[in-house]
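Enquirer: TrEMBL lists 182-290 with the feature domain 'PROP1-like PPR'. What TrEMBL lists as repeat 'PPR' is 298-332, 368-402, 403-437, 438-472, 578-612, 648-678, 859-893, 894-928, 929-963, 964-998, 999-1033, 1069-1103 (among others).
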Amino acid sequence: MAVLVICSPSMCCSPVNYNYAFTQDYWLPALVDNNASFGGRKDGNLKFLTFCSIGNWKKPRKKKVGFCGVAMKSDRELLVVKRKPKHALSSEDVIAVLNSILDPSDAFAYFKTVAELPFVVHTTETCNHMLEILRIHKRVEDMAIVFQLMQKQIIRRDLNTYLTLFKGLYIRGGLRQAPLALERMREAGFLLNAYSYNGLIHLLLQSGFCREALEVYRRMVSEGLKPSLKTYSALMVATGKRRDIKTVMGLLEEMESLGLTPNIYTYTICIRVLGRAGEIDEAYRILNRMEDDGCGPDVITYTVLIDALCSAGKLNNAMELFVKMKASNHKPDRVTYITLLDKFSDSGDLDTVKEFWSEMEADGYVPDVVAFTILVNALCKVGNIDEAYDLLDVMRKQGVLPNLHTYNTLICGLLRTSKLDDAVDLFNNMESLGVEPTAYTYILFIDYYGKSGLTDKALETFEMMRTRGIAPNIVACNASLYSLAEMGRLGEAKAIFNGLKNNGLAPDSVTYNMMMKCYSKAGKVDEAIKLLSDMSKCQCEPDVIVINSLINTLYKASRMDEAWQMFCRLKDMKLAPTVVTYNTLIAGLGKEGQVQRAIELFESMTLNGCPPNTVTFNTLLDCLCKNDEVELALKMLYKMTTMNCTPDVLTFNTVIHGFIKEKQVIVAIWLFHQMKKLLTPDCVTLCTLLPGVVKNGLIDEAFKIVDEFVHRVGFNINRPFWEDLMGGILTQAGTEKAILFGERLVCNRICQDDSVLMPIIKVLCKHSKATVAHSVFVKFTKELGVNPTREAYNCLIDGFLELQSAEMAWNLFMGMKNAGCAPDVFTYNLLLDTHGKSGKINDLFELYEEMLCNGCKPNTITHNIVIANLVKSNCLDKALDLYYDLVSDDFSPTPCTYGPLLDGLLKSGRLEKAKELFEEMEDYGCRPNSAIYNILINGYGKTGEVDTACELFKRMVREGIRPDLKSYTSLVGCLCMVGRVDDALHYFEQLKQTGLDLDSIAYNLIIDGLGRSHRMEEALFLFGEMQKRGIKPDLYTYNSLILNLGIVGMVEQAGKLYGELQYIGLEPNVFTYNALIRGYSMSGNFDLAYSVYKRMRIGGCSPNTGTFAQLPNQS
């Protein structure tokens, strides 16, 4: 007979162990002590043990009494407990018992026994544990009983519950397989109630499986079960995030058909979804319906709709709704005001932002850091950077500390207005203000540098971020890749791309798009296409933007058929072509001259549900005009309005350009006048039209067009316009007609300053026609009365200096001063540099003194010119004296200041002074860049201090400065020079892994180093490798190999290389012949040595002393 005693731990005295005892294959909580005696009575097969107190113990302790009223049966049946215990069994107690049972039947019996106790309820944890035991032993029917118990006792079914059930039914794939699992569960006896269905749907939605959640919902409804209002709301939120309006509104109808009444929360969800999708009218319909149904909107509802209206650009409607909200006694909350401030800030409406700010304060809401940051953003967007800065002080006075987002917003505003120095200063001060920059802060700079064409600065910032322990996120990597893609620097882009996995980052579609752009610019189209399959392998689904990019790449590579095939693949990839796709294809077809095919594709757009837009028409018009179909282009222009497309300025400019190109100038002028009836011509219009008009000799007509254009009310003509216009006329009509047209403009006072003159001078000087430019200058200034600006003189002086006509440059300089036009720092810098390059140091200093006397303050470039030329003229100490004089004042040195000084010190052997100067750079606010490190590495290396050079290289990397090709080649060359070829090979291999594009110099250095060490096999391997990489060996490469092959006796191979260099078009020089003669002489082939000598003389190459030293009779 079994005895199961259930007792509370509170009854146990200290000498008694409360544990789980084993009696006749049953596990029970019991009191175990050999000295305890228990009383009781027996009645048939039942034994009752009733403990109101504990027996006598040898060492009596404080008495503890616990409830333990138990009825026992010999079979595994229910125990009757009369009273609720003070301390019920815990989940841990039950799980501990289950863990101690080896037989699953006994475990299940114990589980059921506990389940039937009136004061004990199983938990999710105990049920899941029992399910796992049963799953292991493949007892699916018993699992169904446990699941039914969970439903009956309303025990929460969590993710582990369902995963265990799915495993028990041999369903793989996790929770996502719920729709399939439900069918098998029903077959196995698992019948879900409404509570279980609701819970499963919520678990699916929490895991991001919206489609599967909808399938489970459909099954639930089909079984006659009613989802809860909470379930409907959750489904609507999830599908709303996917912009699936149809499903959201369908769910609303279905819930009503089942008798559920939507509440404020449900309606608000619908309004949010419709608003985000731009369906504003439908959102308003829901709002009106709420009021009709007696379910009036609350503050959240109004705020959601206000947000939607602002996002749709309907700011006036948002304002009206806000007024209506306040009139309906719904006081706006903080979120409402933050929404309005944020959205009107984005639109640049600073006045309205300030009005909302005042209302917010009047309603009792004290501005917090979020509100202040929005105001900072608003001020930055309208260019009020100083006021945005002042706002930081206001925040601190009000006890609101700016946070990371505040500083990032201000940095973004500074960069947007190109105030880079201020942005860098703010960035450098962030840590001292208690705010740590994050990856996003660095991304702002990386993005700015990349879009400004400062790729090296972008990469330097990226490396700085990594050095400071901030792991680059995918956005930072993409920003860096954008910069490299714009410049086509494939090697470095590959290094970042390949390093993503090392950082635990998965490339996204933007990453792949940037890499495709890099490959495209490098002409490696096949590699770009391969990335498409790589995306699938990495489970990164390509989007239509990626496909559009590839189509464009293929067209640029003249691979039209493949571009078309890529377009056809869109359907297989379940992607719909966008208007951009069609525009790309039409542009590509136009470049290939396939006009008819472009027209057919254009006409198919509407049939395929993608109507053309204005850009499409402009692309097609460009295609037609460039392929001599300008008449058809004009017909297409008329067709635009019939297809709901409005011509823009670019439309007319394109067709006008087409007629000018076809030399139909009269038609182009007529179209220009037609354009004016609809649109206002812009500067591009005139720059497109007038060069052709002037070229055609219609200078009067051109003048009338310009005259009307300039005098148009409110139109501001700036210098760049005249520069573009006159530049175009100079290019198309020639100098003579351009000058005639310019004279007409000046004589008629259309342009009274040198705005017309300057473009002519610039273009002529740019094309090395400074003498002609000077003649025009004289005519306009002396005869036509134009007052020349300093810029005109500077342009001419620069032009003559480029032509090496220093005398004319100095004459202009004197004439400039005599005319009362004071030279500026740019003028002086040009002439100071000229003196320096000529070695006229005394003259340089005289001019420098004149500059100071005339009140023209030298800039950093001036001082750098003086210092560099002093060093160049072997006046290093004078250069150092000048440097120290400057830094003792307000001079801020740059790397260009230190470069010549360090180079001079190293070349003169003053290594300690060079080290001292280098170390003090940062003291003067100048951070060394790669150029400085390259000078140091090269300088120390060439003086034999190779260990110092290596340490400098490592320091450079530690400080986050990316070594460039020069850094590596300098180090490799120095190491080879002292015979440390293995170390040189180490850095050379490292160089290949960086992604930098290697050149012949890098290979020449390591090949020569290996050759000097008689490691010819390795040298020849690298010789082959460089050719495989597309790097052409030069004469230095061949000379080095021929020399070193001859030294080790491989003269036959040396002879082959001599023949090869001639075959590829290189001309042997005296070093080539000397190397070959030496090889043959050392190997005893005297006849061949003399034969080479004769060829050398016949080829016109004069021997030197080295030649005769290598000949056999001179050995």
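Placement of Cβ uses the backbone N, Cα and C atoms for every residue, glycine included.
All TrEMBL annotations are machine predictions without curation.
Show me how these features fit into the structure around them.
Expert: On the 0 to 100 pLDDT scale, the model's mean across the domain 'PROP1-like PPR' (182-290) is 86.
The DSSP breakdown of the repeat 'PPR' (298-332), given as helix, strand and coil counts, is 26 helix, 0 strand, 9 coil.
Tertiary proximity for the repeat 'PPR' (368-402) is limited to same-chain residues at least six positions away from its ends with a CB under 8 Å from its CB atoms, namely 334, 337-338, 341-342, 344-346, 348, 350, 353, 357, 360, 409-410, 412-414, 416-417, 419, 422, 433-435.
Long-range neighbours of the repeat 'PPR' (403-437) within the same chain, counting only residues 6 or more positions beyond its ends whose Cβ lies under 8 Å from a Cβ of the stretch, are 369, 372-373, 376-377, 379-381, 383, 385, 388-389, 392, 395, 444-445, 448, 470.
DSSP labels the residues of the repeat 'PPR' (438-472) in these numbers: 26 helix, 0 strand, 9 coil.
Within the same chain, residues 614, 617-618, 621-622, 624-626, 628, 630, 633-634, 637, 640, 684-685, 688-689, 691-693, 696, 698, 701, 705 sit at least 6 positions outside the repeat 'PPR' (648-678) and bring their C-beta atoms closer than 8 Å to a C-beta of that stretch.
As a summary of secondary structure, the repeat 'PPR' (859-893) carries 25 helix, 0 strand, 10 coil according to DSSP.
Residue counts for the repeat 'PPR' (894-928) under DSSP, helix first, then strand, then coil, are 25 helix, 0 strand, 10 coil.
If you look at the repeat 'PPR' (929-963), the same-chain residues 6 or more away from its ends with a CB under 8 A from one of its CBs are 456, 459-460, 463-464, 466-468, 895, 898-899, 902-903, 905-907, 909, 911, 914, 918, 921, 970-971, 973-975, 977-978, 980, 983, 987, 994.
Among residues of the same chain six or more beyond the repeat 'PPR' (964-998), those with a C-beta under 8 A of the stretch's C-beta atoms are 489-496, 498, 930-931, 933-934, 937-938, 940-942, 944, 946, 949-950, 953, 956, 1005-1006, 1008-1010, 1012-1013, 1015, 1018, 1026, 1029, 1031.
Long-range contacts of the repeat 'PPR' (999-1033) within the same chain, counting only residues at least 6 positions beyond its ends with a Cβ under 8 Å from a Cβ of the stretch, are 965, 968-969, 972-973, 975-977, 979, 981, 984-985, 988, 991, 1040-1041, 1043-1045, 1047-1048, 1050, 1053, 1061, 1064.
Each residue in the repeat 'PPR' (1069-1103) gets a DSSP state, and the totals come to 26 helix, 0 strand, 9 coil.
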Enquirer: Which residues, given as numbers and ranges, are at least 6 beyond the ends of the repeat 'PPR' (1069-1103) yet have a Cβ under 8 Å from it?
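Expert: Non-local partners: 1035, 1038-1039, 1042-1043, 1045-1047, 1049, 1051, 1054-1055, 1058, 1061, 1110-1112, 1115.
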